[in-house]
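For reference, the structure is listed below as structure tokens.
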Amino acid sequence: PTQCDNWVRTSNGGHFASPNYPNMYPPNQECIYILEAAPRQRIELSFDEPYYIEPSFECRFDHLEVRDGPFGFSPLINRYCGLKSPALIRSTGRFMWIKFTSDEELEGKGFQAKYSFIPDPDFTYLGGILNPIPDCQFELSGADGIVRSSQVEQEGKTKPGQAVDCIWTIKATPNAKIYLRFLDYQMEHSNECKRNFVAVYDGSSSIENLKAKFCSTVANDVMLQTGTGVVRMWADEGSRLSRFRMLFTSFVDPPCSGNTYFCHSNMCINNSLVCNGIQNCAYPWDENHCREKKKTGLFEQITKTHGTIIGITSGIVLVLLIISILVQVKQPRKKVMACKTAFNKTGFQEVFDPPHYELFSLRDKEISADLADLSEELENYQKMRRPSTASRCIHDHHCGSQASNIKQSRTNLSSMELPFRNDFAQPQPMK
């Protein structure tokens with residue numbers, strides 16, 4: 001914020017005035033004053049005489065604007081102008097935002113204001129003394145470090161259910177500045193700065209040194225121009241889940257000396273921060289190509305050897321598994337025949353093969369049947385003759401005559417069979 005003329009600050013208050021007071025203030029001026037009291041205190045603002053600001057309807061031209069809070073969007077207390085000085089003004093909190101504006105015409109003597117701090121009447125008193133303010137302050141220093149809100153609960157700086165108002169003071173290395181980068185950030189009530197926020201100050205915790213204030217969903221990196229940084233977190237009773245974690249790094253401006261590393265972003269950090277597993281530069285130059293720079297120790301060598309053995313073994317197992325899968329795929333599959341009903345070969349043959357026909361006449365068929373019957377009767381006749389002939393040979397003793405007769409009968413029978421065989425010879429095949 002722009003400040004005009006002198007501003008006197010003391011532990012109990014101070015005073016400020018319009019430019020050139022008690023003479024005429026210049027045209028086209030815009031002066032902003034932000035007053036901040038200690039926790040559990042309020043601000044009282046009074047005006048001295050002479051007092052004169054160009055009068056106008058609703059103070060649209062030259063005017064003095066007072067707001068109840070630390071921002072230009074804080075609740076408006078009133079706008080003041082004219083010939084009569086305002087009455088005593090009190091804040092409802094720790095902050096008061098004041099802006100003096102003048103246009104290009106009709107200047108006046110301006111004003112001089114005095115402010116002081118009074119106890120907040122909303123807090124109770126014990127024996128006429130204000131309740132002690134909880135000590136919630138932390139200090140960090142060195143080449144780098146972590147600022148974290150979880151430290152408040154771990155060290156018991158505030159009780160459960162109470163509001164959090166804590167300050168971290170960071171001291172850089174000699175002749176160095178501070179770079180801040182958020183690693184974790186979450187506000188329980190986003191965009192409600194009155195309920196929770198994280199503020200960053202450059203040099204001291206005075207309100208005029210406010211560098212950035214975050215209460216939305218995003219928190220950006222902050223480059224401080226001094227070697228002292230102040231981080232403040234405020235969270236009311238209903239915003240205790242708000243949290244943040246921030247990395248601070250000490251750096252110097254280029255050119256970089258022998259014990260520093262150039263970050264390619266107009267900053268040089270200590271060589272001890274290179275390849276430490278944390279990004280200390282604004283861009284991750286300090287963590288690039290770190291594997292080649294690190295010297296492997298005994299543990300890392302053992303780990304690397306075991307890792308190589310495990311990798312080779314896993315590769316062999318994988319190759320064998322692939323080969324077994326390929327063998328199983330290429331191996332011929334076993335055929336499983338399902339049990340079927342009996343196959344009717346005759347019906348199948350009749351369907352696919354034409355029937356075979358033999359060519360012969362009806363007369364041949366009848367003669368063949370008769371011949372079969374005659375052969376059968378002849379065999380029966382011979383069986384009957386054999387036992388009868390033998391018996392006559394034994395009793396009558398003239399088997400020779402019977403044998404001759406038998407021979408003659410056999411000759412006659414053979415002569416009878418010949419014509420049948422000749423007659424029933426197989427016929428010639430037909431063309």
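Cβ coordinates are placed from backbone N, Cα and C, and glycine is handled just like the others.
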From CYS263, CYS268, the residue that TrEMBL pairs with CYS256 through a disulfide is CYS268
By a simple count, how many Cβ atoms lie within 10 Å of the Cβ of CYS275 (disulfide bond), its own Cβ left out?
17
Taken over the domain 'CUB' (136-251), the model's mean pLDDT:
89
CYS4, CYS31, CYS256, CYS268, CYS275, CYS290 filtered to the disulfide-bonded residues whose C-alpha is within 10 Å of CYS281 (disulfide bond):
CYS268
Candidates CYS4, CYS31, CYS256, CYS263 (disulfide-bonded residues); min other-Cβ count within 10 Å returns CYS256
Indicate the candidate from CYS268, CYS281, CYS290 with the smallest number of other Cβ atoms within 10 Å of its Cβ, considering only these disulfide-bonded residues.
CYS290
